[in-house]
Amino acid sequence: MGDEGETMTNNVSENSEPTANQDELILAQQRQIEKEISDNIPLVGELDSVISLNKEYSTDDIYLEKIKDLASKYSYVRRTRPDGNCFFRAFSYAILEKLLCDKDSFIKFYKIAENSKNVLVELGFQQFTVEDFYDTYMEVLKRLKDIENIGEAKKELHNVFNDQGYSDYMVVYLRLLTSAQLQKEHDFYSCFIEGDRTVADFCHQEVEPMYKESDHIHIMAACSALNTGVRVLYMDRGTGNNVTKHDLPEGCSPTVHLLYRPGHYDILYP
Amino acid sequence: MSLESKYNLKSPGVKRLMREALELKNPTEEYYASPIEDNLFEWHFTVRGPPDTEFEGGFYHGRILLPPQYPMQPPNIILLTPNGRFEVNKKICLSISGYHPETWQPSWSIRTALLALIAFMPTKGVGTIGSLDYTPEERKTLAQKSQNWECTTCGKIADKLITGDTASSPALTQEESSMLQSIALKAEEDANRKETENIESAEENKEKEDDKPTRCGRMAKVFHEPDSEETSVRRRDIAESGSNEPQVEVNDMINQIQPSKDKDILWSLAIYIILFLIAILLIRRIFFM
């Protein structure tokens, strides 16, 4: 893999005449990388034991120690595809999965979602594309709501989130809701944005486009848009033997637990 | 065969394109687009040259190719009518079309792409992919000629748009106008970037380390680097000065090198050793497999 990348680079620099269309070469390479990822990793995976993370770090003592600590708090992990949408996909999936076990909360959530479209249109999003995402989002929620048996509903959720078309639509709609939340409370969020970008700029560049990775600020806004809390467990090569936990918003009782490793989110289960 | 029976209507992407076809069913003064017969993923469009520019009076026809992942990924635009701004039969480089997928937003649409194309026409090309820098006169001539241009699939294109005051296209939404502004900015930025590329390249290099492969713009620059103008200019400098006062030049160079600390020398030494090792490994692999 590494060698291939190297030869590719060499070829490109040797042919670097102004006429050669390098963008196309780069895109071709990029597409190949993406294809490899999408061929090998499902959008949302099956439950796996936390200990199974060991396989990824067999020679890394720092991570192995931290996985031990993580395993003392959580039993299972559900991996998501690292395509830049992992936070939004994992968050949506985990919330809905939780709500399926609690009919009343689900109905409440459904009501909030039902009224969410107008806010987006008021903010100036194109009505007919917003409707497109909204309709699909509500269609999925309705389908889940109508299944009586919890086990079957969970199965349906899993299928929907592994159907690229639907799964991406769920991600887009949550991105739009997050963007709307940021813009609604722009005074508050503007302190978290580096540089001289406005909140609206930030949303157009970092929130609304697909495959853009999420930061703290995305998570805060997404939580507040869906009126819920999330606990993120940070696991990196930093000092200490323990994973660090962060509740967002601070002091909430989290409904969703996510594992963060640099650049990627997965779902955790007790 | 009707579109309805050919495609999986359950797929959100297909539903979306059906919706867009319906939305754009009626031509406006500025644009018209529709799927070509039996292919929902290839459209043909016509746009009117923006007034008060050298494209005024022109009609421009082209193809829109929708990727299977649409609307998660942007449409590709290809112009067919000679226009002097974009090459024909070539995918256009516009921040909204396929060459810059990272800036595309799924909440944009084919209509947005056409508006962007119209807004983008009067901007400077400056060597971006698919751009042409014809003179205003040449463009005006082409605009005149375009009125009689015909598409083999769609026929005479000047008839595709409606004329007169009776028609009013849907007003721009706030999102769209801010998008159009950002496109203009993007074009400006691209122009500036060409000029300052060499200065920036060192900084870009640092950034490259934490860059992901999704940022094609930055990567492009990295790939350009080995042949950057800066190095060739420097080479020329040395060659010129070498003939005049070699002694002074060398002294100057030594003076410059000294304050750059032993650290740098150590680093380059380390890099040479690593490169050497890689070379040995490669040779071993080639000859002793």
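Think of each number as a place in line: the chain as shown, counted from 1.
Just so it is clear, glycine is given a Cβ too, placed from its N, Cα and C backbone atoms.
Model, not experiment: these values are computed from the prediction.
In sequence order, A:Glu34, A:Ile37, A:Ser38, A:Tyr211 make up the list of same-chain residues 6 or more apart from A:Asp83 (active site) whose Cβ falls under 8 Å from its Cβ. If you look up TrEMBL, you'll see A:Asp83 (among others) marked as active site.
According to TrEMBL, the active site, nucleophile annotation covers A:Cys86. Sequence-distant contacts (6 or more apart, same chain, Cβ under 8 Å) of A:Cys86 (active site, nucleophile) comprise A:Thr80, A:Glu213, A:Ser214, A:His264, A:Tyr265, A:Asp266.
DSSP assigns A:His264 (active site) to a strand segment in the three-state reduction. The annotation active site is assigned in TrEMBL to A:His264 (among others).
What TrEMBL lists as compositional bias 'Polar residues' is A:7-21.
The annotation domain 'OTU' is assigned in TrEMBL to A:75-270.
In the structure as shown, the Cβ atom of A:Tyr234 (site 'Interacts with free ubiquitin') sits within 10 Å of 16 other Cβ atoms. If you look up TrEMBL, you'll see A:Tyr234 (among others) marked as site 'Interacts with free ubiquitin'.
When Cβ atoms from all protein chains are considered, those within 10 Å of A:Asp236 (site 'Interacts with free ubiquitin') total 13, not counting its own. The site 'Interacts with free ubiquitin' feature in TrEMBL is assigned to A:Asp236 (among others).
Among the features that TrEMBL reports, site 'Interacts with free ubiquitin' is placed at A:Tyr260 (among others). Listed in sequence order, the residues of the same chain lying 6 or more apart from A:Tyr260 (site 'Interacts with free ubiquitin') and placing their CB within less than 8 Å of its CB are A:Val232, A:Leu233, A:Tyr234, A:Met235.
Per TrEMBL, the feature site 'Interacts with free ubiquitin' maps to A:Tyr265 (among others).
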Listed recorded positions (A:His264, A:Tyr265), ranked by Cβ neighbours within 10 Å, top entry:
A:Tyr265
